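Here's the structure, in structure tokens; my notes come after.
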Amino acid sequence: MDFLTLFLIYLCFVLAVTALLCLCLGRKESFLARSVNRTSQVLSLVIPTQLQRVTHRALHRLFHTRSCLFVVLHVALQAAVFGEYTWEVFVYCWELQFHILILLLPYLLLAGNVGCFLLCSRANPGTVTKSNAASLVKVYAYDGVLFQRGLVCPTCTVEKPARSKHCSVCRTCVHRFDHHCVWVNNCIGASNAGVFLLYLLSLTATAAAVAAVTAAFLIQVLLLSNIMHGTYLDAQGQEHAVEISFLVQHLFLTFPRIVFMLGFVILLTLILGGYCSFSLYLALTNQTTNEWCKSRRFGGSPHLPSQPHDRPLVYKNIYSKGMWKNLKEIFNPPTVLERKKK
């Protein structure tokens, strides 16, 4: 089995696992969830109790408490990619007389991404406090299915506004809660949802720009070496026409770090592109990640107190006002005064 076939199998496997995780997201009784639970039960019989406690504490600290670990990992990955891009790809492309604007495009996108990252991570996502809870309750209407009027957060002891949720990581209620992002070490709520969307778009564009320039450099190398139109001899001395797998192996042996970086950045672009598409869909339909997950699960849950027991639950997104107004609301969240004017 040649190098290209192995690489394509690996890439398809990673994409399939990612797609499976996305499909199973939000389903309590999914096959994936049942498999994980059964696997953990089997492993609990084999793994020592002390090791289980240490692992549980480590995972809890990693995913259920505020930590800068993922932020450091985020910065380290960007530094590694741009270090390789600067010291090898940029230098080689400069010698090949690539246009300077093309070479500087990834840096310009990176600067915008860093700015969005800082704004998103340092911004107040929309914390619900005792002083502003009464006014935030009037911003969004209660739909009676996902959000019930009169519920009080047992931790914050404040009435929960519609579209809000208590974040166990930040230990506070967040207005128009979307999710807690470990990569920016902050919740995504009403006040920073727009900046987070720009952060995602700029991060995807940065990865795509690095991948495009790197791929253009490798193609230029192959064109200049004339290997794409030549032949090669195998171990038995037989002559063969150059195939794609041979080209990939040739590039990997000549520029191993660049090819490895290109594969990583392409995979990252595909994953980020999928997540960006999902985030844009949520923005255009005026939904949050929390609401999307709840709307997929509530059909199998018992009736809520405000719903008659003789009628099935019917969920309808009452917050959508059309694509343009929905997108505008992400960057300019409504206030109490604006709702009264309407």
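One is the number of the first residue shown, and numbering goes on along the chain from there.
Note that Cβ sites are derived from N, Cα and C of the backbone, with glycine treated the same way.
Features as listed in TrEMBL:
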TRANSMEM  6-25  transmembrane segment
TRANSMEM  67-87  transmembrane segment
TRANSMEM  99-120  transmembrane segment
DOMAIN    150-295  domain 'Palmitoyltransferase DHHC'
TRANSMEM  196-223  transmembrane segment
TRANSMEM  258-284  transmembrane segment
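Count of Cβ pairs under 8 Å against the transmembrane segment (99-120): among 67-87, 196-223, 258-284, the largest is for 196-223. Only residues 6 or more beyond the boundaries of the transmembrane segment (67-87), in the same chain, are considered here, and those with a CB under 8 A from a CB of the stretch are 61, 106-107, 110, 117, 121, 182-185, 210, 213-214, 257-258, 261, 264-265.
For the domain 'Palmitoyltransferase DHHC' (150-295), DSSP puts the residue distribution at 83 helix, 20 strand, 43 coil.
Taken together, the residues of the domain 'Palmitoyltransferase DHHC' (150-295) have an average pLDDT of 84.
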